[in-house]
């Protein structure tokens, strides 16, 4: 995962340098559809996983085969439908509504078409991604993720030497990398999993359930895309593509950091569904609370030093830092921390199958971001003000998720507040003061920034040991660490006692 983070940071830096602020902002605005629509593929993947894990929880291979085969057909239909819908609406919006320089309009259209095709291919590939996660092959998923970022790195090296419009070529080569990754997913799944071998099986009843489940999940995913990409459009209308560049940098950093912690969430999602399918509700509730707490702490471990030293990090990382980029990075990471509490809530709710009202309510609240942001920007507010609105709405949505879980799996809100919110607050309150004091009392240099970042990491670890985990969890963690050590402490003591006796 560290390789993925480092390569992603490097590619972002070079892309901004090669394309320039204007074209980078244009790609973040138009080509960003791939970044945000990838969220939809992730939510749809969790839907397919839910049905696959149910079959696996019941140890019914025939059902798993039928679920997989049906999901391939369902996602192919959804991909074609989205291709028509997004192309029809997107073309009109790009050419008549967005604030794009006339000489870059042709490039914007190229980027849009290629980006939509990348998105459609990703949607069609969801069943193969889901089956790897359902089988808990996290190491394989990690390797494919590394291959994906290495392909993007190759694109960066090639784009520097091509002639013609670099923005268009960049989008096309990213499409090729998406196609290559999709083929890897398909080849591995078909060669390793029984449910993927042989002919694809169609089951009308499963298709009806899967399609209904996926549609509600898709609506929820679309609301997130509209909420985030809609904010990009508003910023473009009010401030132009330069602000989109700042937002693009912030989104890139957010994707890297959240992606670093997402592997933990991916690893626990299958078990949450299996616990529900097997009727182990108490174990499921404990896992949901534990996962919420650890997801926040893992994200805090990486996000805190970036939030505190964002200006030094960006100026060191980028040759040219877009205006407002520092504010965007800090605020979008704070929003990610708020949302991290709910990282497994969607999986838990999805396991119950009661998703219609859940997605409708949360989507409606999330979309309030657009009209409120528009009214705020109309008053002449700063560009980053839209993120304050997003943070507030994210907090409201996280609270609403808990009320749904209280009803669907009888999650105790009092226990959640005690075991998750209170412990995370103590970790935050303990970890933040010292690095912040150092930040504002030391010179603003790279060396001092490294000291502050290391201090924040150490403080999060100490705070987690003190307040973030229970005594039982702490003992279990120490036991696991000792088992990983090449020299066993207990054996050393026995050896020493024998030597003394001799």
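Heads up, the Cβ atoms here are built off N, Cα and C, so glycines get one too.
Source: prediction; values computed, not measured.
Now, the feature entries from TrEMBL:
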TRANSMEM  27-46  transmembrane segment
TRANSMEM  67-95  transmembrane segment
TRANSMEM  107-128  transmembrane segment
TRANSMEM  140-161  transmembrane segment
TRANSMEM  167-185  transmembrane segment
TRANSMEM  294-318  transmembrane segment
TRANSMEM  324-346  transmembrane segment
TRANSMEM  358-377  transmembrane segment
TRANSMEM  383-404  transmembrane segment
TRANSMEM  420-440  transmembrane segment
TRANSMEM  446-469  transmembrane segment
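Two recorded stretches are said to be in contact when at least 3 C-beta pairs lie under 8 angstroms, sequence spacing 6 or more; the transmembrane segment (294-318) and the transmembrane segment (67-95) fall short of this definition. Away from its own ends, the transmembrane segment (324-346) comes close to residues 43, 46, 243, 245-247, 249-251, 253-254, 257-258, 261-262, 265, 268-269, 272, 287-288, 291-292, 295-296, 299-300, 303, 306-307, 310-311, 314, 318, 382-384, 387-388, 390-391, 394-395, 397-398, 401-402, 404-405, 420-421, 424 of its chain (Cβ-Cβ under 8 Å, at least six residues beyond either end). Same-chain neighbours of the transmembrane segment (383-404): 227, 231, 234-235, 238-239, 243, 246-247, 324, 327-328, 331-332, 334-335, 338-339, 341-342, 345-346, 349, 357-358, 361-362, 365-366, 368-369, 372-373, 376-377, 411, 413, 416, counting only residues six or more beyond its ends whose CB sits under 8 Å from a CB of the stretch.
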